[in-house]
Ligand SMILES: Nc1ncnc2c1ncn2[C@@H]1O[C@H](COP(=O)(O)OP(=O)(O)O)[C@@H](O)[C@H]1O
Ligand SMILES: [Mg+2]
């Protein structure tokens with residue numbers, strides 16, 4: 001399938017915030033070339049988180065997951081760019097940090113599945129649902145990042 005410009009919902013979870021990893025995570029998405037579309041810092045309600053994780057409602061870890069996610073502030077973001085949903089997931093690593101390769105966010109910064117520091121949408125559909133759950137349309141910014149030009153061939157990248 002052709003690569004497409006998409007948006008994804010990324011959140012630094014309460015443990016990531018406690019560990020001081022917001023800047024590191026923003027840096028990785030920014031330096032990769034994705035565009036920040038929205039960002040807010042909030043302690044999410046259990047209702048919001050139950051909705052966010054509704055697909056997991058029958059899993060045994062669901063109540064604990066909702067409690068953990070509502071235990072402190074999270075940094076909620078929307079990032080945009082070519083194939084950002086899939087590439088974002090690659091940058092995160094696997095759900096279980098033990099299966100995540102070094103170089104990925106979970107591979108580099110955590111060890112437990114129940115404390116895996118970051119959320120990222122797993123499909124374009126869930127990204128759209130999550131973005132509208134966490135953000136109002138007017139909170140999403142539209143702009144262009146300053147283009148970089150190859151000095152040899154003048155191609156924008
Ligand atoms: N077996 C588990 N035990 C405890 N928490 C879990 C477990 N599996 C998943 N979780 C938590 O639920 C979150 C959502 O699960 P899932 O959507 O499957 O993973 P991902 O966050 O990689 O999309 C995980 O990021 C993790 O915080
Ligand atoms: Mg998921």
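Just so it is clear, glycine is given a Cβ too, placed from its N, Cα and C backbone atoms.
A TrEMBL annotation is a machine prediction, not a hand-curated record.
Computed from a predicted structure; not experimentally measured.
For 5-142, the entry in TrEMBL reads domain 'Nucleoside diphosphate kinase-like'.
Counting every protein chain shown, 22 other Cβ atoms lie within 10 Å of the Cβ of residue 116 (ATP binding site). Marked as ATP binding site by TrEMBL: 13, 61, 89, 95, 106, 116.
The annotation active site, pros-phosphohistidine intermediate is assigned in TrEMBL to 119. Residue 119 (active site, pros-phosphohistidine intermediate) carries a strand DSSP state (E or B). Sequence-distant contacts of residue 119 (active site, pros-phosphohistidine intermediate), defined by Cβ-Cβ distance under 8 angstroms and a gap of at least six in the same chain, are 9, 10, 11, 13.
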List of residues, in chain order, with Cβ under 8 A from that of residue 95 (ATP binding site) and at least 6 apart: 113, 116
Max CA-CA distance, Å, over listed ATP-binding residues 13, 61, 89, 95, 106, 116: 21
Under 8 Å by Cβ from residue 89 (ATP binding site), same chain, sequence gap 6 or more: 120, 122
